[in-house]
Amino acid sequence: MSERRIKIMDYKFRKRILNISLYTVLVILSILWTFPIYWMFITSLKPEYETIAWPIKWIPIPPTWENYQKILGNPVDTPVFIWFKNSFIAAFFYSILGLIVSTLSAYAFSRMKFPGRDQYFWFLISFMTIPGIIYLIPNYLTINNLGWVDDLKAIIFPGLASVWGIFMLRQYFLTIPYELDESARIDGASRLYILWKIIIPLSKPALLTLGFMNFLSNWNDYLWALICLSSPQKRTLPVGMLTLQGRYIHFYGTMMAGAFLTALPALLLFIFLQRYYIRGVVMSGFGGR
């Protein structure tokens, strides 16, 4: 057997071992990440006496929907559908309006040339180092002056100008050849036309990624919604589910059912958009000038 063939076989063997090791690590990490969701779901399908039984039943046989009936069948104490509607309305408009603000800002920072553009951009990026909790009091004073306390507008408008969203889209826009803009400008296209017909169609992965992140951020927001929304009919799903702790604190199956209902929409959205999400995040890291 020639020395060249031995080297090729050795290379293939090492590559196979590396791939097996890599996929083994990925499988283990996948199990660690999905196990809490699985545990939450199976616990929600168990009768209460089985939630603390030993040995653990990994598959509830037979499953029970009693825990979901407790939550969904009591519209007076736990108006879940109203909370769901409030959460969806707030997250939807926050996602759409946030995309508009971030897209226009990112376009200006990536395609337009004006004095101090880069300096102002990096000054804006510096605000990402400030913890969000610092803004709670100023934001609350602002919405109080506007009369938005206990109103869904209070959890939609304050965070629309997302520095992270501007940064992400700006980096993605920089990967689009500037020659496309120049060709369109020669043909008489305006900046808004270029943005709408060229930049946005080529940036769908990044836009869908940011839209999903905005939706998820607003959907899971608890602290700010708890501060702003006090009426039971105005609560969002995370704040509303807090009431379950007082009513069902020792009923772990019911608590898990509420947690699963809260996480389910975001989980389904990620499953359908994960291809665009991964591509958008990866491509946003390659831009830069």
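Each residue, glycine too, has its Cβ placed from N, Cα and C.
It should be emphasised that the depicted structure is a prediction, and the values quoted were computed from it without experimental measurement.
Among the features that TrEMBL reports, domain 'ABC transmembrane type-1' is placed at 84-273.
Annotated transmembrane segment per TrEMBL: 20-41 (among others), in sequence order.
The transmembrane segment annotation in TrEMBL covers 88-109 (among others).
According to TrEMBL, the feature transmembrane segment maps to 121-143 (among others).
The transmembrane segment annotation in TrEMBL covers 155-173 (among others). Remote same-chain residues near the transmembrane segment (155-173) are listed as 90, 93-94, 97-99, 101-103, 105-107, 109-111, 121, 124-125, 127-128, 135, 139, 142-143, 148, 199, 203, 205-207, 209-210, 213-214, 217-218, 221, 224-225, 228-229, 236, 280, 283-288 (criterion: CB distance under 8 Å, separation of at least six residues from the stretch ends).
According to TrEMBL, the feature transmembrane segment maps to 194-216 (among others). Among residues of the same chain six or more beyond the transmembrane segment (194-216), those with a C-beta under 8 A of the stretch's C-beta atoms are 91-92, 94-96, 98-99, 102-104, 107, 111, 162, 165, 168-169, 172-173, 176, 180-181, 184-185, 266, 269-270, 273, 276-277, 279-281, 283-284.
What TrEMBL lists as transmembrane segment is 249-273 (among others).
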